[in-house]
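Peer 1: Have a look at this one.
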């Protein structure tokens, strides 16, 4: 598929840029990589000069700024943002995205480094994650109904505690929309990365490092685990184990739960 | 192997572990091998029970570290490097939402609010549930819950 951005542009410079960007998807990786790094660095810079204002978290700024740049460029090329994203940004973005695979595996190291905690609190960790997920499912279900989401919308919300790769197929299986679920998983991570410190403070979560770690890993996936690691080795280790266990718990618990609630 | 000799080798490996990180390329090779093996295991799970490649990889590396096949110094530096990058690696996922702007328009602001509140629910409920089980451990089972 070749997207003809050039024919819809009226300016000569736009024709040149469009030529460079509207290639066979997968060929021009440079734009996606370039934009990702630049917007993230701007985020880091803003975070630094604002003395750590929570809305200027680099990930959040990078996301908003990146989408804004794509929206602006799509406007310039008279195309819609989804098409422009797919043809110009996605090839390079996917390349960076791939490195989340080794980054996820890397959490085995902080997990192993605090294996003493894992061994001692094995039972508590597993029980907390299973019971916590079931309680959260009820809460998310009734919250979704309170806000008047459709059955499809509710089904899309339920699997979000798992990592995206687990949550999407489960969502489809229980009658949800996989794209909405993916969006929820991504926003989970962005929200946790931005608000973790504040949430920990107002809910007094730091009194129990094990609970804080398990919570951050469950709510924020791998990004939450990175955040937990900044708080301490116990938190990081617990968040790492929750990423694995929660995915399996969601696999096992969410389909029967959806059945119970009459969603499927 | 006599007990003495065994202690000696244990000591040696412990010293080595402290001393020297494996070359970056070796560390990357270990990660690449684990990812490759995991990608072969992942399709063996049924479609109704998906377990993605990186999750299997995390468990595999953990098991390899536990059994001592892979030593900490063989993976630690690269692992720390990757974890340090994670917020940046997540930027493309965030920007991917540009392709979902239509969904947001369809479903409206309720969806975003539900997602924000769900995130907080998952964090707080999991943490408080853990507090509950820790309380049980301490006051009912009378076992230590001290974490340094």
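Any Cβ shown, glycine's included, is placed from N, Cα and C.
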Peer 1: Can you say which of A:29-47, A:219-237 is given as transmembrane segment in TrEMBL?
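Peer 2: Going through A:29-47, A:219-237 one by one, TrEMBL gives transmembrane segment for A:29-47.
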Peer 1: Among the recorded stretches A:54-75, A:180-200, A:238-258, which has the greatest number of Cβ pairs closer than 8 Å to the transmembrane segment (A:121-143)?
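Peer 2: The stretch with the most close Cβ contacts to the transmembrane segment (A:121-143) is A:238-258.
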Peer 1: What residues in the same chain, six or more past the boundaries of the transmembrane segment (A:54-75), come closer than 8 Å to it by Cβ-Cβ distance?
Peer 2: 35-36, 39-44, 46-47, 81, 83-85, 88-89, 189-190, 193-195, 197-198, 223
Peer 1: State the non-local partners of the transmembrane segment (A:180-200) in its own chain: residues 6+ outside its ends, Cβ under 8 Å from one of its Cβ atoms.
Peer 2: 54-55, 57, 59-60, 63, 153, 156-157, 159-160, 162-164, 167-168, 170-171, 206, 212, 216, 219-224, 226-227, 231
